[in-house]
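Below is one structure; the comments refer to it alone.
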């Protein structure tokens, strides 16, 4: 329980740091694609990074 | 009961704030601890956030938490992503907090710490934070559109074009000033120059590493980069000690200028992943680290403020920049009180990521309060220096001469105690040959921070390290801004020119982008060069121009906000944006008018040009000109500056008129 909260807040810190340097959140993208566009191919993390630059 | 406790808590907070102000106000003539200023500022921010921002959120803008934001409406997982409130706050803050809040308050300290502090607090509560918040709200309600687009759709096509045109020139001046700060900090300093030069290969290495060896490992690559940076700082000392290497990295201001211009051109046409992105990682993490370090230092050490609350220079005769308190203080401190550039961020990436409308208050208003706090700490760093040392660092050589003896003598006559030994000792402590006339704010901030940090840990032996750490931090940050800014300027120019020459609009065309980049770099390079050879140090001329430009952009953004308030039946509360709009418009127009027409050649461009024209007629050479041709050049530069200032005034006045027209045509 405690470790879950810890993990979650660590995730927020990591996301904050990435966003500060202009790298969008991959997990949000992947989740969005799975829910909204299950028929389309999801970019890999590497492809996602290349695209965001 | 709970209600009573809550009310009582706010009452206590107000009481604490009032007592802190009382301490500051009553301890005249003897130094006070910085902690009182910090407490007073924090109380003002908390009360303003709780009461005023809530009033704006609930009564004026009427934020609706149930309304669908662009992040949900256009969610694509890429640009439009609903983002956690605190995460987005970090993103927004990192984007708005630049070099500005660290430089402006340091320059303003020549009038004492009080004028700067009061403007930072008053300006942010009623101006800057209101602007950031309202623009964010408006952009969110209009699908996350940019400031230029908003002006086009709310005020009309022509004002939109005028605003874009004005913004382009504002950008050029901003880049020139930033580059000038780097030149002033690195000239004749082999240690600093080596460290900053080393960041280029480090960033290139990081870029290649993160793309080909370990794609996406941003944390890892940033850590490697950080270690290499620290080695570069330490290595800089060795470079300085080896005469042949030191000679290689000892560059004059003019040499640095040409290097920066060349660098700006190459860096802004290279792919983003190679240089810009990896350096951006480093500068962002260093920035957050420096701000946290400074906050800890100021809170724990509570350095004494040695600068008086007011100096005699409130009358406008100051050596750092000329002009009286009104209007020039209000354009010298922009970021931290109110800054037009934030309106570009508030209508940029942030509105596309807002998870719900109610978050706009915390992110828009809150992040700006935080930036103001950074500016307060920069003010503390400057005011905690011995005033004599502060003036030795920030006065141009034309006034205090180039030796420690002449500087100490002139500054002592102003009534600030300083000996030549104090000046040379400070230079020795921070590992520099000289600290005289290191204008531009960055070195002063670095010495202030080095003193505070070395009190926290390391003592005097680490002072040189901390000094170069702070210089590196500012330079790194500014280099990123220069190449990102040149890119933005290039797109703006292509967009503008594209309206007349369609071929220029093609962003993928190499020819069009090289031409546009060349014009951009040439534009800021011209103002930079002019600033570097200026005998009064350049900052004297360029910083007010930058301040005027930046505050005018704030004026434009606030005019837009006012129009939208009227158009959306919120006219009853439009005073919320009309008051700050009026203030920045009055300040910038007065300052611009004085910059052009003031009879004092240190303030007015035309008076300065006249003094040179007279000298040419009498065949006398005025420093720094060494020939009649250079004298002509100075006169020409003055006329360029005067025309640019006049153009800024025209842009602002025309947007104001278009705004008034919009409001009245809606009222009918």
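We number each residue from 1, going along the chain as drawn.
Glycine residues also receive a Cβ, built from the backbone N, Cα and C atoms like all the rest.
Annotation comment: TrEMBL describes B:34-591 as domain 'CstA N-terminal'.
Sequence annotations record features per position, and here TrEMBL assigns transmembrane segment to B:32-52 (among others). Sequence-remote contacts of a segment are chain residues at least 6 beyond its ends whose Cβ falls under 8 Å from one of its Cβ atoms, and for the transmembrane segment (B:32-52) they are 10, 13-14, 16-17, 20-21, 23-24, 113, 117, 120-121, 124-126, 129, 298-299, 302-305, 365-366, 369, 372-373, 376-377, 379-380, 383-384.
Within its own chain, the transmembrane segment (B:93-113) is flanked in space by residues 37, 119-120, 132, 178, 181, 284, 287-288, 291, 305, 307-311, 313-314, 318-321, 325, 329, 332-336, 339, 341-342, 345, 348-350, 367-368, 370-372, 374-376, 378-383, 390-391, 394, 440-442, 444-445, 448, 474, 477-478, 481, 539, 543, 547, 550, which lie at least six positions past its ends and keep a Cβ under 8 Å from the stretch. Positions annotated as transmembrane segment by TrEMBL: B:93-113 (among others).
Residues annotated as transmembrane segment in TrEMBL: B:119-139 (among others). Non-local neighbours of the transmembrane segment (B:119-139) in the same chain are 40-41, 44-45, 48, 52-53, 56-57, 61, 63, 96, 105, 108, 145-147, 150, 329-330, 333, 336-340, 342-343, 345-347, 350-351, 354, 357, 360-361, 363-369, 371-372, 375-376, 379, 554, 557-558, 560-561, 564, 576-577, 579-580, 583-584; each lies 6+ residues outside the stretch with a CB under 8 Å from one of its CB atoms.
Residues annotated as transmembrane segment in TrEMBL: B:160-183 (among others).
Annotation comment: TrEMBL describes B:189-210 (among others) as transmembrane segment. Within its own chain, the transmembrane segment (B:189-210) is flanked in space by residues 182, 216-218, 221-222, 224-225, 228-229, 232-233, 235-237, 239-240, 245-251, 256, 263, 273-275, 277-279, 281-282, 431-433, 464, 468, 471-472, 475-476, 479, which lie at least six positions past its ends and keep a Cβ under 8 Å from the stretch.
Counting same-chain residues at least six beyond the ends of the transmembrane segment (B:217-236), those with a Cβ under 8 angstroms from any Cβ of the stretch are 190-192, 194-195, 198-199, 202-203, 205-206, 209-210, 278, 281-282, 285-286, 465, 468-469, 472. Residues or ranges marked as transmembrane segment by TrEMBL: B:217-236 (among others).
Per TrEMBL, the feature transmembrane segment maps to B:256-277 (among others). Within its own chain, the transmembrane segment (B:256-277) is flanked in space by residues 175, 179, 182-183, 186-187, 193, 200, 203-204, 207-208, 210-211, 479-480, 482-484, 486-487, 490, 513-514, 517-518, 520-521, 524-525, 528-529, 532, which lie at least six positions past its ends and keep a Cβ under 8 Å from the stretch.
Residues 34-35, 38, 94, 97, 222, 226, 229, 374, 377-378, 380-381, 449, 452-453, 455-456, 469-470, 472-473, 476-477 of the same chain lie 6 or more positions beyond the ends of the transmembrane segment (B:284-301) yet place their CB under 8 Å from a CB of it. TrEMBL lists B:284-301 (among others) with the feature transmembrane segment.
Residues annotated as transmembrane segment in TrEMBL: B:321-341 (among others).
If you look up TrEMBL, you'll see B:507-529 (among others) marked as transmembrane segment.
Nonlocal intrachain contacts for the transmembrane segment (B:573-593), taken as residues 6+ away from its ends with a CB within less than 8 angstroms of a stretch CB, comprise 56, 59-60, 126-127, 130-131, 134, 323, 326-328, 330-331, 338, 544, 547-548, 551-552, 554-555, 558-559, 561-562, 565-566, 645-646, 648-649, 652-653, 656. Annotation source TrEMBL lists transmembrane segment at B:573-593 (among others).
Per TrEMBL, the feature transmembrane segment maps to B:644-664 (among others).
Within the chain carrying the transmembrane segment (B:160-183), a Cβ under 8 angstroms from the stretch's Cβ atoms is held by residues 99, 103, 147-149, 151-153, 196, 253, 256-257, 260, 264, 340-341, 344, 440-442, 474-475, 478-479, 481-482, 485-486, 488-489, 492-493, 495-496, 499, 520, 523-528, 531-532, 538-539, 542-543, 545-546, 549-550, 552-553, 556, 644, 647-648, 651-652, 654-655, all 6 or more beyond its ends. Same-chain residues lying 6+ beyond the ends of the transmembrane segment (B:644-664) with a Cβ under 8 Å from its Cβ atoms: 151, 154-156, 158-159, 162-163, 165-166, 169-170, 173, 545, 548-549, 552, 555-556, 559-560, 562-563, 566-567, 585, 588-589, 592-593, 595-596, 605.
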